[in-house]
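Below: the structure, in structure tokens.
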Amino acid sequence: MAQAALAPRDAAPAVFQTVRTPDLHPRPTKVKADTVKVFYGQKQALHGVTIDIPEKAVTAFIGPSGCGKSTFLRCLNRMNDTIDGCRVEGEILLDNRDIYDPSLDVVELRARVGMVFQKPNPFPKSIFENVAYGPRIHGLARSKAELEEIVVASLQKASLFNEVKDRLHEPGTGLSGGQQQRLCIARTIAVSPDVILMDEPCSALDPIATAKVEELIDELRKNFTIVIVTHSMQQAARVSQRTAFFHLGTLVEEGPTDHVFTNPSERRTQDYITGRFG
Amino acid sequence: MVGYSLLLIVILSLVAYYVGRSSAKRFAGGAGSEKIHSLPGYHGAFIAVWVGIPAFVLVLLWASFQGATLDNLVLASLPSGFTEGKSPAELNLALSEIRNLASGRTFGTPAPEIQLAAERLVSWQNIASWAMLVVAATLMILVLVFARTRIAPRFRARNSVEHVLSGLMIFCSVVAILTTVGIIVSLLYESIAFFRLVPITEFLFGLKWEPQIALRPDQIAGAGAFGAVPVFAGTLLISAIALIVAIPIGLFTAIYLVEYADDRVRNVVKPIMEILAGIPTVVFGFFAVLTVAPAIREAGGLLGVVTSPNSALAAGFVMGIMIIPFISSLSDDALRAVPRSMRDGSLAMGATASETMTRVLLPAALPGIMGGILLAASRAIGETMIVVMAAGLIATLTINPMDSVTTVTVQIVSMLIGDTSFDSPKTLAAFALGLVLFIVTLGLNVLALQIVKKYREQYE
Ligand SMILES: Nc1ncnc2c1ncn2[C@@H]1O[C@H](COP(=O)(O)OP(=O)(O)OP(=O)(O)O)[C@@H](O)[C@H]1O
Ligand SMILES: [Mg+2]
């Protein structure tokens, strides 16, 4: 085919099949993505990703750098809208509602689908104000007492409260990196989202802070649906129930985490998790 | 003759350069020769610099002292019968007549002594100029010969040239610093002279400003009052109006450009702002006088408000337009310096663009924006042309923007133009005003730069 010669070398094959392994005891689906394609200008970054993300569980996205994990994650709360020249095709349903439906309010969507970034990014405000930010803009608290309640509860859920209870009104930027990241998690859960997206939340943290955040994620999964992008195989194995392996803008394999790590069905998954490429 | 000397210096420096380079090349070319330390060009530059710079300094010094020395010689040579009983002022008059005569400008018939002295002056000037040329040439040739002997393979011409260059740069920056210091010292000196005539407390706290005092006994004028409060109040009023106009417009422009405008709009608006920043203030001045002031007067008339023809509002409004680009471009920078992750963090929390702006970006950029506003304020306070054209001359102590007020800069200008002598309090008052103005704007600038610097560090 003449066109094949023109296609970029790393372009995915036109037809590919994601290898799927269902859970033994399937959970209800929270987010359903169907052939999601993403373009940055002329460049296609995702070539049709189809995946079901289960409720109240941790789903890990793994894959080599540049394979489109962050891109797909950003589709789930429409943060791609803020990037000039980014275009999304396909369908994403959250609780069976299309999130790209023009009648849907993106502001509400982002309140339901929170996001934690790779680098801790607390606002240059006090710890209290950082956590109160979401409840304030969404009008979740009717009184000052109620707001305080939400802030304290969120900090407790993020297992940060005991460390900062005496300095709630000092700047959030004065905390350590690990504390800042937990502050960002507290900020996200303060608006009680359904889904929390985490893009390499531990890559800027030391092992001890990482362990704390991982513990926290395990705790949070009781109440939230969590999607986490990580470059650490161990982390994916430790915290997630399901794992999805991306490669060159395609979803290669997804299944229960122990299955993917001990007995992957795909050759490429095997190579990646054993460190043969990536 | 100075011109010829400078030409000679250039020519001899060029010659020196080629001499140095070619003799260095000879080392470089020799087979099995020692490795040469510097490129031949550096040897040439080394000699050229040492030939040119001392001679240049010599010519400058010579030219600046020649006149005074010759004047003294001429005065001394006047016959004692002629100088007897003449006051220094009269002698000065005679001297300038001699100088005029020597340069060929004759007024009436000069006295024979003066005629003689002028002829003497001409011949001495001739001799001195030639002497300068000869001395400079000799100096250069001596240096050339001497420096030529220094050239050797291991001679570090490159480093020497480096030293000379850095010396030259230090010299230039010292000139700039010394000029500033000189201006401040003269300002201080004249202000102190003023405060001898008018007590400093009266100047700083007095509420009446009537500087039009009599210069000569036969003039009729007021007794004079030098209380600067109304003048500074006028400056503050006009600057405040300017800031009230400029801050919202400038800030919203910046917000729009950073957060809402797409590239196409930005590419149009930014250059327009730069054009606005480049308009000469005198153009703003006649815009104020011819367009804005009449419009305000008419509007005032319609509303039944008494409006003075030189209202503070007109001057302040136009000054506000002038400083919009300052505020918008510095706010633009400050907003852009807020990391993208702040913005993403807020948007991902479900905040709208305007919530993100008011709750995260503006507070984070506030120090930088404040710095921009302070810089604009100091610009407004020191601005002269617009207010000279559009503001009044009478110092009234008022906060009514429809009244006519005067400003510090207007007063300085009006005191120094026209019939003045440099020891009356009226003239000296200008320096005192200038000094206070300088201190105020310097303070604002230092504060602004400090704030801007602090917020720069915050994210780096
Ligand atoms: N803002 C953007 N503009 C243009 N291209 C982009 C943009 N963001 C990502 N891309 C491209 O899309 C592809 C996928 O990028 P993405 O950031 O999703 O990768 P990733 O899997 O998250 O990688 P990493 O593990 O390094 O974070 C890459 O080829 C990248 O160059
Ligand atoms: Mg990424």
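Note that Cβ sites are derived from N, Cα and C of the backbone, with glycine treated the same way.
Here's what TrEMBL has on this protein:
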- B:232-448: domain 'ABC transmembrane type-1' (DOMAIN)
- B:6-24: transmembrane segment (TRANSMEM)
- B:45-65: transmembrane segment (TRANSMEM)
- B:127-147: transmembrane segment (TRANSMEM)
- B:168-189: transmembrane segment (TRANSMEM)
- B:236-260: transmembrane segment (TRANSMEM)
- B:272-292: transmembrane segment (TRANSMEM)
- B:312-330: transmembrane segment (TRANSMEM)
- B:428-452: transmembrane segment (TRANSMEM)
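Under 8 Å from some Cβ of the transmembrane segment (B:272-292) lie the Cβ atoms of residues 253, 314-315, 317-319, 321-322, 324-326, 328-329, 383-386, 388-390, all in the same chain and six or more residues away from its ends. In terms of C-beta pairs under 8 Å, the stretch of B:6-24, B:45-65, B:236-260, B:312-330, B:428-452 lying closest in packing to the transmembrane segment (B:127-147) is B:45-65.
When each of the listed stretches B:6-24, B:45-65, B:168-189, B:236-260, B:312-330 is scored by C-beta pairs under 8 angstroms to the transmembrane segment (B:428-452), B:168-189 comes out highest. Among the listed stretches B:6-24, B:168-189, B:236-260, B:312-330, the one sharing the most Cβ pairs under 8 Å with the transmembrane segment (B:45-65) is B:6-24. Sequence-distant neighbours of the transmembrane segment (B:312-330) (same chain, 6+ residues past either end, Cβ-Cβ under 8 Å): 234, 237-247, 249-251, 253-254, 257, 273-274, 276-277, 279, 281, 284-285, 287-289, 292-293, 296, 368-369, 371-373, 375-376, 379-380, 383, 386-387, 390-391, 400-405, 452. Sequence-distant neighbours of the transmembrane segment (B:168-189) (same chain, 6+ residues past either end, Cβ-Cβ under 8 Å): 431, 434-435, 438.
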